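These features come from TrEMBL:
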- 8: active site (ACT_SITE)
- 133: active site (ACT_SITE)
- 91, 92, 93, 94, 95, 96, 97, 98, 99, 100, 101: ATP binding site (BINDING)
- 64-137: domain 'GHMP kinase N-terminal' (DOMAIN)
- 197-268: domain 'GHMP kinase C-terminal' (DOMAIN)
Ligand SMILES: C[C@@](CO)(OP(=O)(O)O)[C@H](O)COP(=O)(O)OP(=O)(O)OC[C@H]1O[C@@H](n2ccc(N)nc2=O)[C@H](O)[C@@H]1O
Ligand SMILES: Nc1ncnc2c1ncn2[C@@H]1O[C@H](COP(=O)(O)OP(=O)(O)O)[C@@H](O)[C@H]1O
């Protein structure tokens, strides 16, 4: 069985306040992009999890979210052995939720492979126990994420945008940023959702990520990438999630192509991507 594990970007990301349990209430518009890891999963007869990948040392196996997803479900069946191959294309600790997407697809795959009959709601609950970003990947639509990321409301986007994704190899953990966050609550996501559903292009200028205050303070060079994208014709440029990936938003293909040519040799990863759920 083969599955595509799409990356996400946050078109807008607001953090409202820190809760008693240490997590932050957020309000974010999330969308999947045409950059994906590939998971190849086959049953084996050894009742074991065997793993290989095109990249070494993401983290110890027991900490890999794919392994954790398997460990959550393995006692539901007798023949629980699987051979898993991960083709990693999504940059690490990049605000693109690659690990979360891998784990969500692993849960969906095991549900099918082992005929577990789990509902979307049950899979989302398993997902949430592994990370706040996981539930989004069970929706398979653009969604507004609230709560800690698990309250999901699909939205429609009629805007034809393409993104130039830039990652210079900087890795930032979500915990690093959340620890330094102030209270915000400044983004009008109701208005943004309404504009996107009507195809009103003025929405693009309203995209915002409140984590940028913390991120640019600690990693000022990332702000320069946003500036460069704007200079090259992006209608907006912002950090995705807790970073360190930056995306420029384009509605003109020629400008996008030109910006790609200008930037492609200057950073570790420069990719033209589309939104997959529109
Ligand atoms: C910032 C966001 C925006 O989509 O994405 P990334 O940039 O990581 O992709 C997410 O909120 C990241 O979610 P995720 O990375 O799954 O978080 P978890 O593994 O559950 O938690 C990692 C750390 O972030 C903090 N955290 C996470 C989510 C949240 N709503 N409030 C928090 O304070 C937790 O306290 C923990 O210390
Ligand atoms: N399958 C996986 N892919 C990527 N990272 C993983 C995976 N499993 C666990 N991790 C750990 O989670 C960290 C952040 O995950 P990732 O999804 O790449 O970043 P982000 O949360 O910023 O989008 C990684 O640095 C790694 O230590």
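Here the Cβ of each residue, glycine as well, is placed from N, Cα and C on the backbone.
Features per TrEMBL, on structure.
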residue	record	Cβ within 10 Å
8	active site	28
91	ATP binding site	22
93	ATP binding site	18
95	ATP binding site	29
97	ATP binding site	30
99	ATP binding site	26
101	ATP binding site	26
133	active site	29
Q) Relative to the mean position of the Cβ atoms of 91, 92, 93, 94, 95, 96, 97, 98, 99, 100, 101, the recorded ATP site, which additional same-chain residues have Cβ within 8 Å? A) 7, 90
**Q.** recorded positions near ligand 2 among 8, 91, 101 (Cβ under 6 Å)
**A.** none
Q) What is the separation, in Å, between the Cα atoms of residue 97 (ATP binding site) and residue 8 (active site)? A) 6
Q: Check the recorded positions 8, 99, 101, 133 for any whose Cβ is under 6 angstroms from an atom of ligand 1, and report them in sequence order.
A: 133
**Q.** From 91, 93, 101, the binding-site residues whose CA lies within 10 Å of that of residue 133 (active site)
**A.** 101
Q. Rounded to the nearest angstrom, how far is the Cα of residue 8 (active site) from the Cα of residue 101 (ATP binding site)?
A. 8
(Q) When you rank 93, 95, 99 by Cα distance to residue 8 (active site), which of the binding-site residues ends up on top as the closest? (A) 95
Q. So what's the average pLDDT for the domain 'GHMP kinase N-terminal' (64-137)?
A. 98
Q: Please report the DSSP secondary structure of residue 91 (ATP binding site), reduced to three states.
A: coil
Q) What are the helix, strand and coil residue counts for the domain 'GHMP kinase C-terminal' (197-268) according to DSSP? A) 35 helix, 10 strand, 27 coil
Q: Provide the three-state secondary structure of residue 133 (active site) computed with DSSP.
A: coil
Q | residue 101 (ATP binding site): secondary structure state under DSSP, collapsed to three categories | A | helix
